[in-house]
Amino acid sequence: MVLITQLGAALAVFSALTVAAPTKGKARFSAPQVGIPKKAKHHPAAAYARALHKFGMKIPKAVSDAAKGSVPTTPTQNDEQYVTQVTVGGSTLNLDLDTGSADLWVFSTETPQDESQGHNIYKPSSGAKRLDGYSWEIKYGDSSSAHGDVFLDTVTVGGVTTSSQAVESAKEVSSQFVKDKATDGLMGLSFSVLNTVQPQPQKTFFDNVLSQLEQPLFTCTLKHGEPGTYDFGYIDDSKHTGEIAYTQVDNSNGWWGFTADGYSIGGGSNSSYSLYGAQHKRANGGSISGIADTGTTLMLLSDDVVGDYYQNVQGATQDQMQGGWVFPCDANLPDFILNIGGYNAVVPGKFMNFQEIDNSMCFGGLQSSGGGSTPNIFGDVFLKSQFVVWDTQGPRIGFAPQA
């Protein structure tokens, strides 16, 4: 993704761009994920490089070099990718829902056949309108990219439809996307100011259906090792326990940004824990500001926090050849706890084992954001541990333990 620098100008044009379906104000719908066999054998550093590039961070050479490699996968680990089925025009596509971007881009009839083979493709409906002179382009840190044209077409998720959604049709995609047969594109759920369409950014699907919804929010219940669910327009109280802890969102740059009060490290991958238990051995002062992003696989935090965590993992080392922190796959991994307004959001230690590199070493789900002024990223490693509410009123974001 590219960073948008003229935010004010972009915001000024949104009201005239797209029109949602007739207002009902009572809609609520659920969009469950589905599991797709994962055939691509990317090195885990590729996910790390993508995250760094997406948020404008410098990509260390070691990470860039490692991202170009591959590793074997096993049927029992990293064997599925979780996507959401979305009807675009007349086509049902498997899309990644991404709260860190604002583009809806897809493989299409415009994509060369040798690139689209094995993917479901978008076929513009009879009522689709091409936006002449409009284009889009995305680039990621692992050298993957895509670009193309823009149509206005009907998009439906969970039975709720907008008839004038900007659909970014891929005319060319890089080999990294071609090889990833599990996904047919991406649907952004950040604030619309981040949309990359030129000459005028377009609204997200969520913004286009907002007036139809019972409540101006969506929730996600992402799971570790199984499909999760996105719910739009309502909060399903059966999916969480206890009260939801809310904190203010900083959306000045278009992202779902928030500030945690601090963190602690304790417990372990084989231990039980309570939210306020004595096993949470270390409490560290100083707030942590970051971005909640379902489109980033890893959790990226400052060097001092990352180093603090891995000094509690026996055998952990920062491996230049692998592009990040690695550790013995049988290591005991402590829990990571983020304190948000008095609520302790616990990431179980087992979530920190992102991917096996070889028969003995594994790549960590927590990596460095690079420090300095670069943002911290609370990606799927963190979000899969929580029930999360993304509320445009405020705006604010809420967290609770999953039921």
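Every residue, even glycine, has its Cβ placed from backbone N, Cα and C.
The model shown is predicted, which means the values in this text are computed figures rather than measured ones.
The recorded disulfide partner of Cys362, taken from Swiss-Prot and restricted to Cys220, Cys329, is Cys329. Other Cβ atoms within 10 Å of the Cβ of Asp98 (active site) number 20 in total over all chains. Straight-line distance linking the Cα atoms of Asp293 (active site) and Asp98 (active site), rounded to a whole number, equals 7 Å. Each of the disulfide-bonded residues Cys329, Cys362 was scored by the number of other CB atoms within 10 Å of its CB, and the largest score is that of Cys362.
A gap of 26 Å separates the Cα atoms of Cys362 (disulfide bond) and Asp98 (active site).
Cys329 (disulfide bond) falls outside any helix or strand according to DSSP and counts as coil.
Other C-beta atoms found within 10 angstroms of the C-beta of Asp293 (active site) number 29, with every protein chain shown included.
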